[in-house]
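J.: Can you read through this structure? Questions will come right after.
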Amino acid sequence: MTDFRTLDDAGPLQGKRVLLRVDLNVPMEGGRVTDATRIERVVPTIREIADAGGRVILLAHFGRPKGKPDPKDSLKPILSTLSEKLGRPVAFGEDCVGEAAASAIAALKDGDVILLENTRYHAGEEKNDPDFAKALAANGDIYVNEAFSAAHRAHASTEALARLLPAYAGRLMQAELDALTKGLEAPARPVIAIVGGAKVSTKIDLLENLVAKVDMLVIGGGMANTFLHAQGKDVGKSLCEKDLAETAKRILAAAKEKNCTIILPVDALVAREFKANAENETVPVDAVPSDAMILDVGASSIATIDGAIEEARTLVWNGPLGAFELTPFDTGTVAVAQHAARRTKAGQLVSVAGGGDTVAALNHAGVGEDFSYVSTAGGAFLEWLEGKELPGVEALRAQG
């Protein structure tokens, strides 16, 4: 993935109008930003361009306004948080194209920053409409994409626009692509993948792609129950997609053919109620009581997974190993995450993780900062794991 241009290749930015596509889709409550993580992550790139004398023009989407203005999806309420995190004033453009945008941009001086209104206020954004992309391009000299989280969508501000102007990856995009290259495209082997979460149905493509690329694949969470069921084990009242038993068997057969070792739970923490601190016991997976649910992996499974991580040089993680939001069913996820973090800190493992639940689980384990890279891009990270091309990245690569 290194065949794309970065800010290092952009030349002098003094006086240049830089269209910077960012992801500002932050959670809001009562008109206030409740989690500024995505804003904080783009601040260094904004500062770098502004400090070099570039005129920073921020493009972003927010919510799903269906191609026309909707006050509840305005980017304006984000302005104060953005300005505060940036430590400098940020102007606002009432539209992202047309006269309102052009006049606001014309007033910028070198080093100024402006946020333009929601790109999704125009139907042309999600349709990847060439005319809308041209209208966006008219306001810039160069284009920088800093929104990996939107890279799996072929929209005008992520794909068509990148083909109309000299296009570069921002620092966040660059870090994400470098991490993903180390994770699967050119990894240090052996590679281990941990895939958890509730359902096999949402991760069939991902599992089929991974068995061909990794040396060891740990399957945990609710989805492991479907595989255990496919092997003829009784999983009691556990979450289980019994209709996908044949799919599970197919994935197991493909893994065998590709010499990928599948690691399934050998024991489980079971309970009869789905609630925190429910009465529980650890049992072998072939002795799950008929009235109980599997809610986490057991101690022997944790030891097996930790042992596999000891052998690996690269780890790719998506999805928790159990119902981590309920104590004590977070034990497996926390123990394995902390073990991977220790190996990473000791320089023995490159660890890449992503997906909403995964980020929350790692933060819960207190190791969100200790992995080599944690991707905040849910859908784009999953599509990359599935081996799909990401339009926003391909558009940058085309110019690389």
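Glycine is no exception: its Cβ is also placed from the backbone N, Cα and C atoms.
Features from Swiss-Prot:
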type    : residues                                                               : note
BINDING : Asp23, Leu24, Asn25, Arg38, His61, Phe62, Gly63, Arg64, Arg120, Arg153 : substrate binding site
BINDING : Lys203, Glu325, Gly355, Gly356, Asp357, Thr358                         : ATP binding site
J.: For Asp23 (substrate binding site), which of the three DSSP-derived states applies: helix, strand, or coil?
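T.: In three-state terms, Asp23 (substrate binding site) counts as coil.
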J.: At 10 angstroms around each C-beta, which of the binding-site residues Glu325, Asp357 has the fewest other C-beta atoms nearby?
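T.: Checked Glu325, Asp357; of these binding-site residues, fewest Cβ neighbours within 10 Å: Glu325.
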J.: Compare the C-alpha of Glu325 (ATP binding site) with the C-alpha of each of the binding-site residues Asn25, His61, Gly63, Arg120, and give the closest one.
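T.: Given the candidates Asn25, His61, Gly63, Arg120, the nearest one is Asn25.
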J.: List the residues of the same chain that sit at least 6 positions away from Asn25 (substrate binding site) in sequence and have their Cβ under 8 Å from its Cβ, in sequence order, or write 'none'.
T.: Arg38, Ala60, His61, Phe62, Gly63, Ser149
J.: Quick check for the class: what is the C-alpha distance, in angstrom and rounded, between Gly356 (ATP binding site) and Asp23 (substrate binding site)?
T.: 15
J.: List the Cα distance (Å, whole number) between Arg120 (substrate binding site) and Asp357 (ATP binding site).
T.: 27
J.: Near Thr358 (ATP binding site), which residues of its chain come within a Cβ-Cβ distance under 8 Å, counting only those 6 or more away in sequence?
T.: Gly196, Trp317, Asn318, Gly319, Pro320, Val374
J.: Of all the binding-site residues given, Gly63, Gly355, Gly356, which residue's CB has the most CB neighbours within 10 A?
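T.: Counting Cβ neighbours within 10 Å, the top one is Gly355.
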J.: Other than its own, how many Cβ atoms are within 10 Å of the Cβ belonging to Arg120 (substrate binding site)?
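T.: 25, counting other Cβ atoms within 10 Å of Arg120 (substrate binding site).
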J.: Return only the integer: C-alpha distance in Å from Asp23 (substrate binding site) to Gly355 (ATP binding site).
T.: 16
J.: What three-state class does DSSP give Thr358 (ATP binding site)?
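T.: For Thr358 (ATP binding site) - judged by DSSP and reduced to three states - the answer is helix.
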J.: Rounded to a whole number, what is the top Cα to Cα distance in Å among the residues the record ties to substrate, namely Asp23, Leu24, Asn25, Arg38, His61, Phe62, Gly63, Arg64, Arg120, Arg153?
T.: 18
